[in-house]
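What follows is a single structure, written as structure tokens, with notes after it.
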Amino acid sequence: MNAAASSSSSRPVRGAAVPVPSLSADETGAVADETFQRHTSPSLRRGGAGVAVVWFRNDLRVLDNEALVRAWAASEAVLPVFCVDPRIFEGSTHYFGFPKTAALRAQFLVECVGDLKYNLKKKGLDLLVRTGKPEEILPTIAKAVSAHTVYAQKETCSEELFVEGLVRKGLEQVQITQGGTSGQKKSPNPRLQLIWGATMYHIDDLPFTVNNLPDVYTQFRKAVESKSSVRNCSKLPPSLGPPPSYGLDEIGGWGAIPTLESLGLSVTKSEKGMHFKGGENAALGRVHEYFWKKDQLKVYKETRNGMLGPDYSTKFSPWLASGSLSPRYICEEVKRYEKQRVANDSTYWVLFELIWRDYFKFLSAKYGNSIFHLGGPRKVVSKWSQDQALFESWRDGRTGYPLIDANMMELSATGFMSNRGRQIVCSFLVRDMGIDWRMGAEWFETCLLDYDPASNYGNWTYGAGVGNDPREDRYFSIPKQAKTYDPEGEYVSYWLPELRSLAKERRNFPGASYIRQIVPLKFDGGNQKKDQQFNRQRRPNMYRR
Ligand SMILES: Cc1cc2nc3c(=O)[nH]c(=O)nc-3n(C[C@H](O)[C@H](O)[C@H](O)COP(=O)(O)OP(=O)(O)OC[C@H]3O[C@@H](n4cnc5c(N)ncnc54)[C@H](O)[C@@H]3O)c2cc1C
């Protein structure tokens, strides 16, 4: 990696927070309109009858949403629904007691839901929003509108699978009668139809079954690149309407999008770092901005290891995680850019990284709950500490190592951290501190705007050396990382302004000018504290794991 290239293209940002994307509302609207237009096919026909419900989950988009288009094709009317599940939004905690969803991600998701409603309205529909558990809400709605099917995106991790199972059971209890009081006719129960839609390569196009997925990423990548191809984005009809003509009043109308206050949360907006806007329109705007307007795609491979500013990497991850952005759409745009501008290592590398994302998603289907367990998929037995004071110094950015502290502060303030930063803080926590990696993973789960169970726990198990690939066991040396990726201390002094007065080469090595280092560097297994809690493989108070 070329550190100079990294810092020049990502020149910050000394003061105020930077919006991502930075396009005006008009520009974003124009990009979204043009993109929708390009993906609309007037020749699409619907051949179904009755009503179909679409249950939106981590697929908060209209463009390239196969569940939505399939529901439209199989019905005369579609009812889109989003459930604000209290198990995700309201005060639920993880095993280690952190909130399930911190305010910044909740805010981002609320914006995504609002934008989805807006885009559905433009397409002749609306979004029904309810607070409660999907397994309680969806059967009631399906009954009120006499739906024959509930369509939803298929998920892979156990919390999501658990809810899918309950929804299916709930729908089995629904009795739908048709034809009024005289001559009532019973219809079959509504069914739950789950559609694959989260990855760039479709699960059905893999050259192996998920159970036979290679355990080494390179083998997976080479196999899909040579034997599979990425499907085109699904086309949209000019209108997705109408919504159902009856039943909505009975269930209280369309409902309102929650506010953060109604979720019991409040955000203090950071005056620094990046401020991501939630929603499909912002996502499409960011793709346009990064690829076409700023022309950053052609240098991605040289800049992607940066840490400061909006443009060293794509910043697509928050929208990908919420499903406001389709990975197939990104692939399509990369190909278009390669045709119209340039095809080089950088343009390919974005797809290379998206294959990592796919890989973790498929791995989570293969390995199930073991990605959440201390020993990981390989059931590695090793000793970990749960020392609270050490952990809190890491979490709060008080370790005495500027590179760690700056990254952890960025995470708390913005909900984002670069990939370079994530690898460094993960290595420090598990190798230098010897702390139970699940504490770090759960803190990331709480804070990250782009939190995705498969990518988060997949990367943490790799970092902790308990991942499926036994060869991945890497130590990140902080001095080396600092010299390579932040040689002038620009990043650390941005987040730790007290270091700005030091000479550039000292900012990452401030000695007594900064707080004391909480542990010496280099992982030393012999110095770990014994802790009764360790090796706990089960998480009994979780419904997921
Ligand atoms: C400990 C740890 C935890 C992580 N947790 C998450 C998480 O919860 N959600 C998440 O989306 N990513 C996670 N990542 C992966 C990666 O750090 C982020 O996807 C990336 O930093 C997002 O920034 P970007 O969109 O600018 O990425 P870019 O560099 O622009 O990459 C483009 C896209 O490729 C995908 N990608 C890139 N690297 C990875 C990777 N290592 N694993 C999976 N997908 C990747 C992402 O979807 C990303 O948006 C984690 C990495 C580590 C080391």
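Note: Cβ is positioned from N, Cα and C throughout, glycine not excepted.
Applying DSSP to the domain 'Photolyase/cryptochrome alpha/beta' (50-182) sorts its residues as follows: 58 helix, 30 strand, 45 coil. What TrEMBL records for 50-182 is domain 'Photolyase/cryptochrome alpha/beta'.
Within the same chain, residues at least 6 positions away in sequence whose Cβ sits under 8 Å from that of E353 (FAD binding site) are R304. In the three-state DSSP assignment, the secondary structure recorded for E353 (FAD binding site) is helix. Residues or ranges marked as FAD binding site in TrEMBL: Y300, 313-317, 353-360, 450-452.
Residues or ranges marked as site 'Electron transfer via tryptophanyl radical' in TrEMBL: W384 (among others). Of all Cβ atoms in the shown protein chains, 23 besides its own fall within 10 Å of the Cβ of W384 (site 'Electron transfer via tryptophanyl radical').
The feature site 'Electron transfer via tryptophanyl radical' is assigned by TrEMBL to W437 (among others). According to DSSP, W437 (site 'Electron transfer via tryptophanyl radical') sits within a helical segment. On its own chain, W437 (site 'Electron transfer via tryptophanyl radical') has L374, W384, C426, L429, V430, W460, T461, G463, A464, V466 as residues at least 6 apart in sequence with a Cβ closer than 8 Å to its own Cβ.
Residues annotated as site 'Electron transfer via tryptophanyl radical' in TrEMBL: W460 (among others). W460 (site 'Electron transfer via tryptophanyl radical') falls within a helical segment according to DSSP.
Here TrEMBL flags 525-545 as region 'Disordered'.
Feature annotation from TrEMBL assigns compositional bias 'Basic residues' to 536-545.
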Number of Cβ atoms other than its own within 10 Å, given for W460 (site 'Electron transfer via tryptophanyl radical'): 25
Y451 (FAD binding site): tally of other CB atoms within 10 A of its CB: 21
Least buried by Cβ count (within 10 Å) of the binding-site residues Y300, W356, Y359: W356
